[in-house]
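Asks: Questions regarding the structure given below will be posed in turn.
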Amino acid sequence: MRTSLVVCLFWLLFQLHTTHGYNTLVNLAGNWEFSSSNKTVNGTGTVPGDIYSDLYASGIIDNPLFGENHLNLKWIAEDDWTYSRKFRLIDLDDTVGAFLEIESVDTIATVYVNGQKVLHSRNQFLPYHVNVTDIIALGENDITIKFKSSVKYAEKRADEYKKIFGHSLPPDCNPDIYHGECHQNFIRKAQYSFAWDWGPSFPTVGIPSTITINIYRGQYFHDFNWKTRFAHGKWKVAFEFDTFHYGARTIEYSVQIPELGIKESDYYRLSATKSLQTRSKNIMSLSIPMEHEPERWWPNGMGEQKLYDVVVSMGGQVKEKKIGFKTVELVQDLIDPKKPEKGRNFYFKINDEPVFLKGTNWIPVSMFRSDRENIAKTEFLLDSVAEVGMNAIRVWGGGFYESNHFYYYASKKGILVWQDLMFACALYPTTEEFIQNAEEEVSYNVDRISQHTSVIVFSGNNENEAAIRGHWWKASNYTESQQVKDYVLLYQRLAKIAKKVAPTIPFIMSSPSNGVETEEEGGVSKNPYDVRYGDIHYYNEFVNLWRDDTYLTPRCASEYGVQSYPMKETMLNWINESDWEYTSKAMFHRQHHPGGIATNLLMIFQHLPIPAECGSKSVSDVPSCKYISSASYMSRLAYFSQVHQSIALKTQTLHYRRFRNTTTNEGLGNTMCAMYWQLNDVWAAPTWSTIDFEQNWKMAHYEARRFFSNVAVYSFADETDFNLKVFLLNDNPYLLHNITVNVQMLSWGNGLDPILTNEFHIDSVPAGSSEVLKTGITFSKITELSEYLYVSTLYDSSGVKIHEDVLVPDFLFEVDFNTFGDVQISDVQRIDEKTYDLTITTDRVSPFTWITCKKPFTGWFSDNGFHMIQRLRKIRLIAKFEVDLEKSDFTVCNLKNCYV
């Protein structure tokens, strides 16, 4: 907004005073003293931090994540804890205000400064700004924070609720196999901290964030935010400035976007206020002239991720951030207006271009929010997402609203963020106290998060609507209609807040849900899993996950997956070697998935050979085979589990991708979203992750590079007509011209030479499409599939290989593993301190070729878990940090001999 000289003079005449002043920030991070409720446990801790980390650092407990310490340390969460420290103030001259500013308090705590109570916190997801002007003093001061046990607080509130309303609020407790705590739905704290089916229970207390005393003379420029909107051919940017001040004054704000040649300023009158806790929110709206049209920000794989520097100054105080320009639209029109029963679309447009969401689900990177390694872990994980061609990630609703750095880094990497509100797998209180607390939480976090370019949608919760309709819990004296009523009350109020704060970001009530259809049904659908609407979550461990026809055909699959085990190299950092057995006590207690001990075996040995040591046992009898549970077989079993996971995720993901722009006669299809569960881990255990706790890529993450490739070829055996079907997938926003598809059929006993080759030439493959190719390759009966390997390779007009797909037999146990190649590492070349090239050779087909490195490194191979169908391949190791390696540090194996 340009301000004329006349307007400026008008403001100058009437201002009381303009203060530039200077401010002092007193950082309260560092050493604090902590003690238990009865003072018998005490020591020196660190802020930012938490009680588990401090007890471990003080030598009072062992590493909480090792062995069975998650069971042995439950006494910590059942106690109250006190943290305190002293701090010195050396200059209070001309001070007009002082604030205690805490980014996050975990969770139920009372804060005292110089003996005076200044704050009672009740929400981990909120910052606190407390006026301490009249409490602090020159010289020595003290601050004390008394934390209540989160476990006991939640239990107390649940008991109070039941007495008042005559029913409990499900679920009362987590399943026993979680080894967790109860009633997390009564505390506004990360829900996973009470345990989940992929993680332990560590209900932390502490200050996991920055804590400061801000002393200012005049005004304090706390932060700024913005919203972008594209309308009538112009970009509009609304900036909001967050200022603390005392007394009436006039402030000059300046906004610069140097690369766009923009420099705007204005004066704002800040009215007098008696309370420094009242912020002054001031809004400046800018319309960017067309001669400075910004470059659009695009998701990974669709264009550049252009971000502009924004510099805002106020009274000599300067803050800088990054801003990107994109539009987002959630399309939910009817599939067929003449037949509305066919349902609605559900897909996103970025900058008016439809985008297929290819991604995964994000859980917190640690059980301990303040872990010093969390930033590096976050960046590595998001790098790993972008590296394999993903463009989207869903921040799951049982963890945290992530840090600003997370959303910035996602924007930098081109990762679209689907953001849940932090409500998951539970029903929640609808008392006015609880709802107002939740509204404040949602208002703050949606406002904070929505400024980041990567964010494309907010979802009200994870699976809560589905839980009601699926009758997940027994709830005495609490009918389904009452549950629906309470659910709608809470989430309609939260939706109203989110839509007001971030009007340009779509909002959906839940995930899974039926999108706009859910709203038309009053907020809760009769069937939230209806594939004709919205998104679905799909899990089924009693079907064949390697078959394309197993899967549903939804509009969007925002969760799906299957477990695998980390390799021995990861697990032995966190359990004793004597516990490296499938059903050892330590391993059993790390398997939190109900039924997972049995179903993992049933799924794996549906495809892979049962060890000879089990005799003639059938697949259903495998869990009773003692050899399966022995230390001798565990490493082999972990490898098999990763083989199974990689093919299951590949098959399901490519099933969804092949239905892009394609519908059945019933209207199913137009699938535009495939986001598997889950990316990462919070501990070393059997989970659904594709990157383990030590940041090692599992086989499935390497497979993701293939199944998420922008241009891909996908083959499967269609058993309805005994034909090999090949699909061409093009997620690029442009046509592919003069494409060649080569389909080879290899026999296991015929070395590397194909017994059949067909080649197909395609003039063009449209942008954003899935095209089927009739190969003419048939088989007379299902058992023939085990005799061959099918390789489909896509080449561009210059003959350069774009993508390769290998269809392995469904029943690999029918194949003679002795026919597999003898794979070797023939050479290792050091390119630089972070890069090594490996030469891999084989004499015959080498399925699921797996390279390992003895020395741990943070990074990845250019490929792994691949099927080697040529005599030689070059594989590159890319490390994030310097690592000294030689040939003897590497090993390679395949399905024949890995971990035998």
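Every residue, even glycine, has its Cβ placed from backbone N, Cα and C.
The following feature annotations were taken from Swiss-Prot:
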type: SIGNAL; residues: 1-21; note: signal peptide
type: CARBOHYD; residues: ASN38; note: N-linked glycosylation site
type: CARBOHYD; residues: ASN42; note: N-linked glycosylation site
type: CARBOHYD; residues: ASN131; note: N-linked glycosylation site
type: ACT_SITE; residues: GLU463; note: active site, proton donor
type: CARBOHYD; residues: ASN477; note: N-linked glycosylation site
type: CARBOHYD; residues: ASN576; note: N-linked glycosylation site
type: CARBOHYD; residues: ASN661; note: N-linked glycosylation site
type: CARBOHYD; residues: ASN738; note: N-linked glycosylation site
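On this model, are these features tucked inside or out on the surface, and what's nearby?
Replies: Secondary structure at ASN38 (N-linked glycosylation site), as computed by DSSP, is coil. Less than 8 angstroms from the CB of ASN38 (N-linked glycosylation site) sits no same-chain residue that is six or more residues away.
A sphere of 10 angstroms centred on the C-beta of ASN42 (N-linked glycosylation site) encloses 14 other C-beta atoms.
Under DSSP, ASN131 (N-linked glycosylation site) is assigned to a strand (E or B) in the three-state scheme.
Around the Cβ of GLU463 (active site, proton donor), the number of neighbouring Cβ atoms within 10 Å comes to 24.
Cβ neighbours within 10 Å of ASN477 (N-linked glycosylation site), excluding its own Cβ and spanning all shown chains: 10.
Around ASN576 (N-linked glycosylation site), the same-chain residues six or more apart in sequence whose CB sits under 8 Å from its CB are GLY67, ALA586, listed in sequence order.
Residue density at ASN661 (N-linked glycosylation site): 18 other Cβ atoms are found within 10 A of its Cβ, drawing on all protein chains shown.
Taking the Cβ of ASN738 (N-linked glycosylation site) as centre and 10 Å as the limit, one finds 12 other Cβ atoms among all the protein chains shown.
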Asks: Pop the Cα-Cα gap between ASN738 (N-linked glycosylation site) and ASN661 (N-linked glycosylation site) into the table, whole Å please.
Replies: 21
Asks: Can you tell me which of the recorded positions ASN42, ASN131, GLU463, ASN477 is spatially closest to ASN738 (N-linked glycosylation site)? Compare CA atoms only.
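Replies: Checking each of ASN42, ASN131, GLU463, ASN477 against ASN738 (N-linked glycosylation site), the shortest Cα distance is to GLU463.
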